[in-house]
Amino acid sequence: MCRTLIDGPVRSAIAKVRQIDTTSSTPAAARRVTSPPARETRAAVLLLVLSVGARLAWTYLAPNGANFVDLHVYVSGAASLDHPGTLYGYVYADQTPDFPLPFTYPPFAAVVFYPLHLVPFGLIALLWQVVTMAALYGAVRISQRLMGGTAETGHFAAMLWTAIAIWIEPLRSTFDYGQINVLLMLAALWAVYTPRWWLSGLLVGVASGVKLTPAITAVYLVGVRRLHAAAFSVVVFLATVGVSLLVVGDEARYYFTDLLGDAGRVGPIATSFNQSWRGAISRILGHDAGFGPLVLAAIASTAVLAILAWRALDRSDRLGKLLVVELFGLLLSPISWTHHWVWLVPLMIWLIDGPARERPGARILGWGWLVLTIVGVPWLLSFAQPSIWQIGRPWYLAWAGLVYVVATLATLGWIAASERYVRIRPRRMAN
């Protein structure tokens, strides 16, 4: 009897311990999620290594594999701080005779990049590519975490996505030019992922100080009521302006009073590489549309569509809501070069592997974007334009240049409509 009295509680305790056993040979995460076999994981590692190696081989062995023109502008433009008053007079024309590239970034970017001019450029270029690839993998991993993944799972898919994404057009041009947009995307994703308001604000504010386009992320912070983070991002951005005024006062004032908003200085508005509303409508009209009635109407219509898409998404879908904001920002900006469209990587992940993947049309959109970007339609269209400066072109080329714009509208429209489908369909089934 005594044994029975003891055995009962003991057995009950053992049963409970087994339920919460963390030393089991099968971790809880593994029991919840089926991990890929070791062979598949090794294959993903091999594919990633081959992809990285092929990209580096292309850079250094192929004719015109990469010219790093934007990285030259970052580094050499920042070096002009040694000669006061020359920052926004600097141009890089060694490999761009058709368009000598000026330093077009906020003055804080020059402060950030200034130390790099002390390092041999060849070493900077190599490290820049490696850091960009690491940032791409980091962006994929954070995208997975925003969709509910854990630190222990998702590495297999992340390696596959990174290996493939290296070769889509936004990333190809990023590597070719030595662009910074992947790092800025990583900062924005991290700002959304972290619960620390001050870190979110710091990341968005600093990123906006280096390049203005990440400022659109503050709209997301306001939309999800992270008001402290949004306000702090403004404070940090203003602090970057203050630092710029202290270091290069006259140049900073010149940028924010004269150069800010001068899209023509950034580059040719109507080249096929500019996949914004302003670029698309300018190609159709045959002249720079500016922010005229047609462009403003297109932006306003897109804003309405983006709001509908935002409202259709579940509150917990942080990545989906962020993507709605970033896609709207790409169409809003006067210039959205193809290397600005690195946001298509988390978009494809969200469509193919995310919470909406089972909805009709999700994977069609995801794979459709992948085909568009692997082919690189704007890049192909660039061969049909006589020069990057010529705005007028045959009507069929002008309309073909809407490719990213139309695909974005289709994506936003699908997000808004698919939620309606989910809400209505169960009622129809019940009838």
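Yeah, the Cβs are placed from backbone N, Cα and C, and that goes for glycine too.
As written in Swiss-Prot, here are the features:
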| type | residues | note |
| --- | --- | --- |
| TRANSMEM | 43-63 | transmembrane segment |
| TRANSMEM | 108-128 | transmembrane segment |
| TRANSMEM | 148-168 | transmembrane segment |
| TRANSMEM | 175-195 | transmembrane segment |
| TRANSMEM | 202-222 | transmembrane segment |
| TRANSMEM | 229-249 | transmembrane segment |
| TRANSMEM | 290-310 | transmembrane segment |
| TRANSMEM | 332-352 | transmembrane segment |
| TRANSMEM | 364-384 | transmembrane segment |
| TRANSMEM | 397-417 | transmembrane segment |
Stretch-level contact, the transmembrane segment (43-63) and the transmembrane segment (148-168), CB cutoff 8 A, at least 3 pairs: yes
Paired segments the transmembrane segment (202-222) and the transmembrane segment (290-310) in contact, 3+ CB pairs under 8 A: no
Listed stretch, out of 290-310, 364-384, 397-417, that has the most CB pairs under 8 angstroms to the transmembrane segment (332-352): 364-384
Candidates 148-168, 229-249, 364-384, 397-417; stretch with most C-beta pairs under 8 Å toward the transmembrane segment (290-310): 397-417
Same-chain residue ranges lying at least 6 outside the transmembrane segment (148-168) that approach it to Cβ under 8 Å: 27, 29-30, 33, 35-36, 40-41, 44-45, 47-48, 50-52, 55, 133, 136-137, 140-141, 175, 344-345, 348-349, 353, 355, 370, 373-374, 376
